[in-house]
Amino acid sequence: GRMWAYTVGFTVLPHVGGFLGWFLNRKEIPEWYEKLKKPSWCPPRRAFPVAWTVLYTGMGYASYLVWNDLGGCNSKAIVPLGLYGAQLLLNWAWPPLFFGARNLNLALIDILCLDGLAVGTACSWSRINRVAALLLLPYLGWLAMATCLTIRIWRDNPQHKSAKSE
C-alpha cells in the first residue's frame with residue numbers, strides 16, 4: 001500500500017531543487033541571461049521548463065526503480081544512490097551558480113563534474129535496472145547539450161566569467 005507513496009516521492013524529489021533553482025533565479029533570466037551572447041543553436045527559453053519537467057520525472061522514477069530493486073536504503077544502495085544524490089546536488093547547484101552568482105567559471109566546473117557523476121550513475125544503474133539506466137539517456141543527452149551551451153557562453157562572454165557584474 002505504501003509503495004505508491006515511495007514512487008511519487010522519488011519521482012517528485014528532483015523537481016523540488018529544480019523548482020527552487022528556477023524560483024530563486026527567475027529574475028536573472030530576463031535581466032541578465034537574455035543579454036549574454038549565445039550560439040544560434042541555443043534552445044528557446046520556453047523549452048527549458050518543459051525539458052526539465054520531463055527529465056526530472058524520468059530520473060526521479062528511475063531512482064525509485066533502483067531503490068526498489070536494491071530493497072531500499074542499504075549497503076548495496078550506497079554507491080548507485082550516492083552517485084545519483086551527488087549528481088542531483090550538482091544539478092541543483094548549477095542555476096544559482098550560473099544565474100544567481102553569474103559565475104560562469106563555477107557553473108562550468110559544476111556542469112563538467114555533473115556530467116561525470118551522471119554518466120557514473122547511469123553505468124551503476126545499468127547493472128541494477130536496465131529500464132532505470134535507459135530512463136537516464138534523455139537526461140544525459142540534454143546534459144551534453146547544456147554542457148556545450150555552458151562552454152560556449154563561458155567562452156563568448158569573458159566579462160562574466162567570475163563574478164556578479166552589472
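Glycine too: its Cβ is placed from the backbone N, Cα and C atoms.
Because the structure is a prediction, the values reported are computed rather than measured.
According to TrEMBL, the transmembrane segment annotation covers 6-25 (among others).
Remote same-chain partners of the transmembrane segment (46-65), defined as residues 6 or more beyond its termini with a Cβ less than 8 Å from a stretch Cβ, comprise 6-7, 9-15, 18, 22, 81, 84, 88, 125, 129, 131-133, 135-136, 138-139, 142. Per TrEMBL, transmembrane segment is recorded for 46-65 (among others).
Taken from TrEMBL, the feature transmembrane segment covers 77-94 (among others).
According to TrEMBL, the transmembrane segment annotation covers 106-128 (among others). If you look at the transmembrane segment (106-128), the same-chain residues 6 or more away from its ends with a CB under 8 A from one of its CBs are 62, 66, 69-70, 79-80, 83-84, 86-87, 90-91, 93-94, 97-98, 136-137, 139-140, 143-144, 146-147, 150-151, 154.
With a threshold of 8 Å between CB atoms, the same-chain residues lying at least 6 positions outside the transmembrane segment (134-154) that come near it are 36-39, 42-43, 51, 54-55, 58-59, 61-62, 65, 98, 104-105, 107-108, 111-112, 114-115, 118-119, 121-122, 125, 161. Per TrEMBL, the feature transmembrane segment maps to 134-154 (among others).
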